[in-house]
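Taken from TrEMBL, the feature transmembrane segment covers 12-29, 165-187, 194-214, 250-271, 283-307, 392-413, 425-444, 493-509, 516-534, 691-709, 716-735, 741-762 (among others).
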Amino acid sequence: MLLRLHNRKQVILLSLASVIFTAMVWIAAPRSVNPFTSSPYVGYVKVTALGEKNDSARAPEVWITSINNSETQQSLNAISLAKGWEKNYNYILSARDQPATQEIKIRNSGKYEIEFISHSWSGKVKIEDGSNTTIVDLFREGPAGSYTYTGSSTFPIVKKFNEAYATPISIISFLALFACSFVCLAFAQLKSNYALLLFPLSLFAFILTDHFFLDTTGKLLVLTFSIGGYILIRKIAYKDYLNNLTTWEKVFFPLVVIYGSFAFVGHQLFLAVYPVKQLIHKISYFILFSAWLTLMSIAFLHATEIIRKKIGQKESVVQARSINPVKLFFTFMGIMVACWLVYFIAFFPAVMSADSLDQWAQATHFIPLNNWHPVFHTLFNKLFITIYKSPASIALAQIVFMATVLSAFLLMLAKKGLPVKWLKWIALGIALIPANGVMAVTLWKDIPFAISLVWLTCVLAKIVTDENYLNKKTSWLEITCALVAAGLFRHNGIPVYILAVIGLMVLYFKTKNKRILVSLSISIAVMAGYFLYISSPERVIPNPPSIKLVAPIHGIAAVKFYNGKLANETVQEMSKILPDSIWRSHYRPFSADEYLFFTNRPFVKNLAEMSTGKVLQLYLNTLAKNPYLVVRDRLNGTEIVWNVFEANGSFNYRYHHDLDENKFGLSANPNFLKKIIEKYLEYSASIADPVLWRAGVYNFLILLLMLPMAKRSKRFLLFFIPVIGTNISLLLSMTLQNFRYVYYVPMIFGIIWLLSISNIMAEKKFKHDKK
């Protein structure tokens, strides 16, 4: 092999690259390649769910949410579960066959922490830590909290080898790894096939590592993806591929990969435990993971391009001109409505949480209108209640709204060359996604807001891809309605509306199409009328202005909780809002609800006495003194937006499945169909949570898709505005992890990816279209 390398310089470069790769693996996964670096200590803890509870508790459940040793957060997946314990979502639960004892082995143990959920269903737990035994009643009235047990009992590990052999075995191990690295790199160089590196990278990133634990199924999935990625990009001419990238693509692509790597492993590496330890180890692992993700990202983009070209080759024959677009539209709509009516029947009249019931009270005049939930959505509900006074009327309206928007989009794709057979299967796939079914019958503002963002994305796509769209007489009405709906269904829709208006104004100055200007003018007039008249304080109780300050105040609270540096002025101002003891006792990294609702203090009122400018001044000062802690708090507060996997200690409120108790006489009857769907929802979360109930992976893929879309036309960036604008608004303000807040992300990813594989500039005419 060495003889086939062209010159000595090439051998030296390969050797240097092999040394670097070997060193990174050596540092990132020392226990996997060098047994002498294993921790000399280990902790053994016995956790027993006693099957006992106090009279107020609803059940004797015991949940373990995270285990932290002195260096990092341990994976709960690595624990072999005893009888009476089970994996539930990302946590460990004991709810039956109690008492049940689980032994936990904590590696690299000095001081360690075990975190339990504390809520109204919690029972008593016994913790045996060496000679120490502690019994704790985990019950907590009100919202879920947590209890953290701290232990320090450790025992020395009996090593397999004599210390005298440590150095020679370490050297042999390093040289063997170097030889393997050199062979892999040389072979990839000779074959001009860097896709081969997917296999050693996946080995060290997912299997021989202490930073990313996967069960057998997970390892098989990674191997499958790596094989698929290899098949896709094994024949790519990498030099030509890189030369074809523009300067901004060469900058943007690595940044997206770094973001994606952080979305996959960043929380586990850099945010899970404070202070961060083993930083060099973790950075080395992060680089290895980024290398694997780089190749997989190229494979994803290449697969998208292959599909697009194949569709382009077939488009002259796949789309029969005899198809009636009206019939096709109702075919798509019928598929989706039929599936979602199953949910409607199961959960009749609708799924309603406390938020839903609060808006019902306003819409039916039990209480005055207020803007805690956007009054626009309350009035939307009231419109359908006027027709038929039942939550069922609103649920049916949501089903029709969602099906109409998505069917219109699929019809647009049919006109752009996507095979109708494919689109029918896509319609069925959309209908069968569990989140779509349960959200369609759940009365939350977030659902019509998500549909409106999808609608606005589709409208923007029509504007920039169909030259005839703006010439249609009704285009101005659709543009106006989509803009207003996206802007008003949720409070953070306003930034999206503003960004969309700016984007369309830029497009207007380039195209001089007056219908854009007309649409924008009318939408601005409607928005102004809404804020000046309909939602004015004279008619609607306004939101406390301090609500928008909760996120920055929570960041300052994080610094206080972790004993960071605070200016004297900041300490004094914070004490005016809440006592120091409450700031510390009620701090939760992933939620601010403890401060908002459970301090028995007028938190919102006290915060309102501080001006916005003052809060921002204190926040920026605290950020300057404690950049890591403040940024960490903001990332924890928005982890459902960017994090691919649910962080240990966080809780993703995925969906609601009941009509809560109320004083309005509304109720839902238990039925067999509902039980089946609830099992289906639970199963979907247990086997595919990152892709069905989270947004992190889709936000990464959306950013990747900006590359090919922008390459085809800079105008195509316009229909990324709704998703990116909403994401930014959440990153600045969000303090609670609910999937409904980011429900729009997977939907819009699907829209953009389907657009990217279509002949986006083609507008095929069916025989029933107007000539």
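Note that Cβ sites are derived from N, Cα and C of the backbone, with glycine treated the same way.
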Top Cβ-contact partner of the transmembrane segment (250-271) among 12-29, 194-214, 493-509, 516-534, 691-709 (pairs under 8 Å): 691-709
Top Cβ-contact partner of the transmembrane segment (283-307) among 392-413, 425-444, 493-509, 716-735, 741-762 (pairs under 8 Å): 741-762
Selection from 12-29, 165-187, 392-413, 716-735, 741-762, the stretch that has most Cβ pairs under 8 A to the transmembrane segment (691-709): 741-762
Whether the transmembrane segment (194-214) meets the transmembrane segment (392-413): three or more C-beta pairs under 8 angstroms: no
Distal contacts, the transmembrane segment (392-413) - CB-CB under 8 A, six or more residues away: 325, 328-330, 332-333, 336-337, 340-341, 344, 348-351, 381, 384-385, 423, 426-427, 430, 436, 440-441, 443, 447-448, 451, 454-455, 458, 461-462, 466, 751, 754-755, 758
Leading stretch by Cβ pairs under 8 Å, where the reference is the transmembrane segment (425-444) and the options are 12-29, 165-187, 493-509, 741-762: 741-762
Segment proximity, the transmembrane segment (12-29) to the transmembrane segment (165-187), 3 or more C-beta pairs under 8 Å: yes
